[in-house]
Amino acid sequence: MMRITVLGATGSIGDSTLDVVRRHPDRYRVFALTANTQVDKLAALCRVFRPAMAVVGSATAAEVLRDQLGAEATGIDIRFGPEALEEAAAHPDCDAVMAAIVGAAGLRPTLAAVRAGKRVLLANKEALVMSGALFMDAVRQHGATVLPIDSEHNAIFQCLPQQRPSFGHGVARIVLTASGGPFRTRAVETLAEVTPDQACAHPNWVMGRKISVDSATMMNKGLEVIEAHWLFNVPVERLEVLIHPQSVIHSMVAYDDGSVLAQLGNPDMRTPIAYGLAYPERIEAGVPLLDLAATGTLAFEAPDLHRFPCLALAFDALRAGGTAPAVLNAANEVAVEAFLQRRIRFTEIAAVVGDTLARTAIGPADSLDTVFAADAQARRRAEHYIAASCLQS
């Protein structure tokens, strides 16, 4: 019986994870569930899964959770705050951790799971984007197992030589596919008029609002490129992005002999989640088998960097190295939140990120303190740019 902590249980990845867990009560038991502010939903999940621990973002949220559960709180250790998150991730009674907290907030608890030698199902790409070599060094030092849950990285992992899930061994290049989001064919001159609801209406995937906006700008793919660089030790010049509107091929690995291996499937996060939970076995995930005859045509095109400047910025940050990816991620988080609050236009997201990258000093990412200092500096710089932009508009 595998005991699982779900970091970010109330998000879309949390939903999909718990759906797979529910299908296999003989294999999996929930040890801990965490959420930030969605206390109502967390209370409902606690009633169903009866975790040993539940963690929320604040003392107030913890009191609300206790009140909502009432007598049903018996046997559930309700805690709050960042330290409690790390304890849930590293607890000796937990075997595997689904790392699904969105953004920089997920780095410390994910690292705590790594340092405790857990099986880490990595859905929080920002952890690797920010800390890179520090993260992978911790994986090796503490003997953790990291299984990528992003559909692209999960596909790459499946297509690489087994027992050697890293670059080399005859691999020529790695191709990450991207749907192109909801604005792939929209006139570029109209993108400034895009609303948050339009940006969050992804054509293929059901996701949270932040990652949906990242998909619309293709920053999500840029972050995934950086993640792939660290996960698989791939030089930036061997990483390629290809737009594939149907989201059926989730990524590809090209080999020196001319072979190209691809992983296909319906666009449903339960597939990579089930793979990560059961690896190296396979289990039923509730996802229909792919019907290629019904799918028909599979199309591909190169990304237009004029339409998607955030993708180019991500490649620039990866090439710059050091703290540049952490700066990129922080500026993007601030910009996306400002867009969702209607403080800036959709097209200004890239402007905020580009200005922040250009104006923030980049140094070696040689410690977590350095990474978080760069993150904080970038957030201040991005907020300053947004405030100045709002005054001018």
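Note: Cβ is positioned from N, Cα and C throughout, glycine not excepted.
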Open item on the list: Need one residue: from Glu72, Glu224, Glu237, the one Swiss-Prot lists with Asp150, Glu152 for Mn(2+).
Closed with: Glu224
Open item on the list: Of the candidates Ser131, Ser179, which one does Swiss-Prot list alongside Lys125, Ser151, Glu152, His202, Ser215, Asn220, Lys221, Glu224 as binding 1-deoxy-D-xylulose 5-phosphate?
Closed with: Ser179
Task: From Gly181, Gly208, Gly222, the one annotated by Swiss-Prot with Thr10, Gly11, Ser12, Ile13, Gln38, Asn124, Glu126 for NADPH - done: Gly208
Task: Among Thr10, Gly11, Ser12, Ile13, Gln38, Asn124, Glu126, Gly208, the record's NADPH binders - longest CA distance, Å - done: 21
Open item on the list: Rank aside, I only need the closest one: which of the binding-site residues Gly11, Ser12, Ile13, Gln38, Glu126 has its C-alpha nearest to that of Asn220 (1-deoxy-D-xylulose 5-phosphate binding site)?
Closed with: Glu126
Task: Using Cα positions only, nearest of the binding-site residues to Glu152 (1-deoxy-D-xylulose 5-phosphate binding site) (Ser12, Ile13, Gln38, Gly208) - done: Ile13
TODO: Among the binding-site residues Ser12, Gln38, Asp150, Gly208, report those whose Cα falls within 10 Å of that of Lys125 (1-deoxy-D-xylulose 5-phosphate binding site); none is a fine answer.
DONE: Asp150
Task: DSSP state at Gln38 (NADPH binding site), helix/strand/coil - done: coil
Task: Top Cα neighbour of His202 (1-deoxy-D-xylulose 5-phosphate binding site) in the set of binding-site residues Thr10, Ile13, Asn124 - done: Ile13
Open item on the list: According to DSSP, does Asn124 (NADPH binding site) sit in a helix, a strand, or coil?
Closed with: coil
